[in-house]
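*Asks:* Before anything else, here's the structure in question.
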Ligand code: NA
Ligand code: NA
């Protein structure tokens with residue numbers, strides 16, 4: 001009863017346009033006042049303790065690194081490389097966008113930053129080549145969601161902190177999932193382009209051109225090696241690696257590509273500060289909501305409820321996937337991870353799913369949620385860049401959501417994609 | 001089904017904040033929400049279950065203990081804060097969480113304060129334990145039990161640690177505390193402060209060579225899968241403390257206060273037995289996983305005690321002399 | 001007078017955010033260098049950076065109100081705007097801001113209580129021995145700034161509703177990122 005009231009109030013407030021973080025705070029306050037005598041101090045306390053974490057500091061750094069790489073000319077060079085490889089094929093501009101998003105995702109930890117970097121470069125180009133506007137914008141939004149599956153990833157950091165799984169392992173497990181998203185979207189892009197007659201770029205396939213773009217972009221390609229290599233070799237913690245990525249992108253942008261000016265730098269830092277601001281506090285308030293649920297033993301009750309319906313692992317995972325998909329339509333991934341992972345983890349563990357695998361399942365579901373209206377983070381960004389309203393993007397959003405269900409199914413039902421892959425490195 | 005828990009809590013929370021409501025106290029039921037971060041199999045977590053069992057029995061069900069384990073309510077610092085602020089009623093944490101409020105509590109983490117389990121039990125049940133427990137009133141807390149969390153050992157991936165030379169330069173993870181860092185530096189190792197959750201991967205990747213914790217927590221973190229050697233250096237006690245909000249406790253009728261006290265005392269005795277058994281079980285698990293588990297030799301221990309003396313002396317101006325005396329230092 | 005003060009505050013906020021992020025980068029980067037080059041770990045650096053991060057994050061919350069950057073669903077407002085119900089849209093935005101204002105004031109009020117409790121217990125951080133309430137203060141302090149900015153928004157909306165302002169509705173507010 002009180003749980004329904006809490007989520008009902010939250011969804012109502014989100015629907016009328018209250019920012020997600022404050023909708024969570026309001027509904028948590030409402031529930032504590034009406035159904036419990038626990039002091040509201042717990043909400044303000046969590047607003048501090050929930051974010052007082054060294055690991056979470058990776059968030060602003062991964063955001064900043066992505067912004068600096070965009071501003072410093074790294075994103076453009078990644079586009080050139082992708083274009084040289086596959087730009088000339090049917091639907092090549094779309095496929096180059098997907099490939100760029102995958103590369104850029106290996107630097108940026110955020111889906112929105114990835115969408116914004118790739119979209120601002122590729123959308124005008126696709127328009128010039130007469131790709132459908134709705135198709136292009138939705139494709140970029142879907143490709144941007146790869147940014148949180150290919151490591152580094154802010155949602156993986158949040159999940160790792162919430163559940164207590166190694167963030168390095170989560171990052172590793174994101175690689176096969178991210179690559180399969182990339183492949184699935186490329187195939188879909190090719191088929192749709194073929195049907196619609198979307199052509200490739202003017203780039204002629206040539207070894208010389210590929211070699212030239214690779215040479216120019218070598219510093220961009222080297223960034224993921226530093227970030228991921230640093231984490232896996234044990235040189236850096238994830239937070240430290242994020243800072244090293246910032247310093248690296250500062251050096252590349254300023255001294256190698258010489259595109260970062262002091263004005264751009266100030267703007268980049270301020271943009272990162274505000275982006276961090278509108279994300280991170282949500283972790284604190286979501287923590288307060290999660291505390292309420294823990295105090296009410298909700299995780300145990302949900303777990304018993306689901307297990308009393310069925311003990312078939314395939315069915316249980318299907319139910320949870322459908323539920324998470326609906327959640328992804330409505331709210332942001334960070335609160336969803338903090339509030340829901342303690343609820344579902346016991347259930348999936350009882351059918352043999354590891355916390356690591358569930359992390360990838362959950363984050364992938366919520367990444368698909370980036371593209372699904374009404375609340376779709378990367379969809380909003382793509383809509384803003386392309387100046388096309390969100391509701392006009394819905395048709396292709398449905399198509400790409402279905403396409404992304406293929407990698408989701410692989411990750412859900414084939415542990416090789418997560419546990420197996422990570423075990424290869426042990 | 002949903003309403004019951006909430007209403008019960010409303011009654012209990014009411015007891016915590018407006019203590020005047022106990023006119024019909026006999027009929028009233030109370031819920032103690034008891035938070036900790038441990039997994040079920042550790043002796044400390046078992047101790048919490050034992051406390052629950054005894055309280056519920058002794059109070060004839062008028063007190064219900066709702067255990068929120070495995071970090072459901074956040075980390076240990078958050079649990080301690082939540083109990084001082086009466087967000088919840090009770091919890092368990094390491095003693096070092098109290099030293100941020102009460103400097104005298106650092107005594108537990110000082111190196112080589114306790115010779116063995118018997119010496120430890122005598123001191124925490126005696127004057128030392130009472131002096132420190134009395135201090136917690138200032139943070140609105142009452143100590144329920146001193147549970148046995150074992151003594152800190154050093155597990156590592158490199159070599160058997162049988163002498164000071166073996167310790168030298170070893171990258172050892174310590175809990176995030178200046179005192180623990182100082183201790184490892186005095187012993188000659190290279191301490192790296194790190195949270196518990198990151199240890200496994202760090203050992204695997206060689207970010208650290210070893211870890212400073214008691215053996216039950218070695219298997220709690222599955223470190224036996226990645227580490228090869230463990231030496232029971234016993235350089236300090238890993239003191240687990242359970243506590244209850246003082247106002248809430250005061251609001252209980254006298255007979256229920258007694259039930260809580262008796263239950264805590266019974267749970268303490270049983271938990272300490274369980275801790276010894278849990279250690280034996282842990283060693284078995286470690287050896288089965290191929291780890292070599294050694295005792296520090298008397299000579300090695302003496303060397304370590306000597307090396308750690310400056311750390312102990314460094315705290316003489318931070319901890320009251322009476323506490324030092326009660327600890328036998 | 002108030003406008004002048006507001007402008008000065010915004011400037012200070014802008015530079016405080018940029019400076020805080022720069023300092024965090026420098027401190028954590030030095031920590032890495034210290035550990036690998038000088039084989040020496042700084043015990044205060046992590047704690048200092050964490051407290052700075054909390055302040056930085058909460059200051060970003062209020063800066064996000066100024067730039068209308070907070071993550072939200074705007075379908076209802078858009079639908080009203082499209083159908084020409086401009087007054088209804090304005091009323092909706094006032095309602096949303098009021099709920100938001102009440103929430104942020106509750107968070108601030110209880111945040112102050114938490115700060116007072118931490119002060120009374122004189123809790124300090126393990127490494128720097130810095131009072132813990134300094135960290136907790138970020139929540140009420142920034143929540144109050146959020147509240148002030150919301151009041152300004154509500155006043156603007158009311159003026160618009162009463163016809164004091166005919167500049168029309170703002171078109172494309174900058175959309176969200178995450
Ligand atoms: Na990424
Ligand atoms: Na969505």
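Backbone N, Cα and C atoms are what each Cβ position is placed from, and that goes for glycine too.
Straight from TrEMBL, here's the annotation block:
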- A:6-33: transmembrane segment (TRANSMEM)
- A:7-417: domain 'TRAP C4-dicarboxylate transport system permease DctM subunit' (DOMAIN)
- A:54-75: transmembrane segment (TRANSMEM)
- A:95-123: transmembrane segment (TRANSMEM)
- A:135-158: transmembrane segment (TRANSMEM)
- A:170-192: transmembrane segment (TRANSMEM)
- A:213-235: transmembrane segment (TRANSMEM)
- A:241-257: transmembrane segment (TRANSMEM)
- A:269-294: transmembrane segment (TRANSMEM)
- A:314-331: transmembrane segment (TRANSMEM)
- A:343-368: transmembrane segment (TRANSMEM)
- A:397-416: transmembrane segment (TRANSMEM)
*Asks:* Thinking of Cβ pairs under 8 Å, which stretch from A:6-33, A:54-75, A:135-158, A:343-368 has the most of them with the transmembrane segment (A:241-257)?
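*Replies:* Answer, by Cβ pair count: A:54-75.
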*Asks:* Could you tell me whether the transmembrane segment (A:95-123) and the transmembrane segment (A:170-192) have 3+ CB pairs under 8 A, leaving out pairs under 6 positions apart?
*Replies:* yes
*Asks:* Determine which recorded stretch among A:54-75, A:95-123, A:269-294, A:314-331, A:343-368 has the most C-beta pairs below 8 angstroms with the transmembrane segment (A:213-235).
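*Replies:* Stretch with the highest Cβ contact count: A:95-123.
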*Asks:* Contact between the transmembrane segment (A:6-33) and the transmembrane segment (A:54-75) is defined here as three or more C-beta pairs under 8 Å separated by at least 6 residues; is that satisfied?
*Replies:* no
*Asks:* Using Cβ atoms and a strict cutoff of less than 8 Å, what residues sit near the transmembrane segment (A:397-416) while being 6 or more residues removed from its termini?
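*Replies:* Counting only partners 6 or more residues beyond its ends, the transmembrane segment (A:397-416) has Cβ contacts under 8 Å with 138-139, 141-142, 145, 176-177, 180-181, 184-185, 187-188, 192, 314, 317, 321, 354, 357, 360-361, 364-365, 367-368, 371-373, 376, 379.
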*Asks:* Based on Cβ pairs under 8 Å, which of the stretches A:6-33, A:95-123, A:343-368 lies most in contact with the transmembrane segment (A:269-294)?
*Replies:* A:6-33
